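As recorded in TrEMBL:
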DOMAIN    5-381  domain 'Major facilitator superfamily (MFS) profile'
TRANSMEM  7-28  transmembrane segment
TRANSMEM  40-60  transmembrane segment
TRANSMEM  72-94  transmembrane segment
TRANSMEM  100-120  transmembrane segment
TRANSMEM  132-149  transmembrane segment
TRANSMEM  155-179  transmembrane segment
TRANSMEM  204-226  transmembrane segment
TRANSMEM  238-259  transmembrane segment
TRANSMEM  271-301  transmembrane segment
TRANSMEM  355-376  transmembrane segment
């Protein structure tokens, strides 16, 4: 795959990841401006994630006979329009409509980008290239979310979504020049003739359940990270710093997770990462009064949380024979369903208890994922 094409795909995934995660950084600003509770604003993450999880498979089926390039271009236009609606929204109802439109567009963008990544890559480099494209999500944490939070702090939260629109326009232009039609027949052929066999259906369900629970655990806290930090006197500058450190941990965790999985195997590394994450959630409140310790805790938490993704993907793929593209969509749906459920659950606890309670909810969900992990069987050997 050419560098320009790889950059196009990474930028497209970056802007999608940025808009999904952005609410966490500017939640307090949006709440104050619209005179809506933080718990209600936090449900915009739920709306995005659930729409993403549901609309993705449906839209893929509806667009299967449409050129991937045309689908990507139309989806990116709708994505920009959706975020433009959010930027000018006068009330929560319009916010939700913009969020639904941008999320549905994002779902098809991610699936098409991953499909094109497979087609444009050499067979022995597909795993590497998919991994590189996925780093767009990590980059959204490291650069996008802190940058968007800073923009919101300086010139208002609406300008954050204007910035997202501008990045979306840039991605649209790059798609025009870097996604050609020369491989479209190949894509159609693969889609029509691909098949797969699930070796151990229950094991796949277990891995997907772990994805759901660990993302739910993470987003119970992450969605309300701004009000959580404000309880301890931290301002938006510190929120931006915390999100930056979280993103750096995410990138390191994604990379290390792959290497450690190769060395130890999916189950062993998952046990280590989930155990560490669970403990961190239950003790994290004690870190919050001291900024340096909070930053160290956030860094470690994101290493193990994002580090759990590679062993889950490898674990799922190891349970399949043949085409593994379906597994990508299953895991993405579980991931987004977890984000939605976590944001919803976090909103309930923030409303009826307090924002600190979200840490203990996260620890409990992670512990459930750990219990499921203990029941995983060894991966079948592959040639």
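Placed from the backbone N, Cα and C atoms, the Cβ positions cover glycine too.
Counting C-beta pairs under 8 angstroms (sequence separation of 6 or more), the transmembrane segment (72-94) reaches the transmembrane segment (155-179) with 3 or more such pairs. Beyond the ends of the transmembrane segment (132-149), by six or more residues, the same chain brings 6, 9-18, 20-22, 24-26, 113-114, 117, 160, 163-164, 236, 239-241, 243-244, 246-248, 250-251, 254, 302, 306 to within a C-beta distance below 8 angstroms of the stretch.
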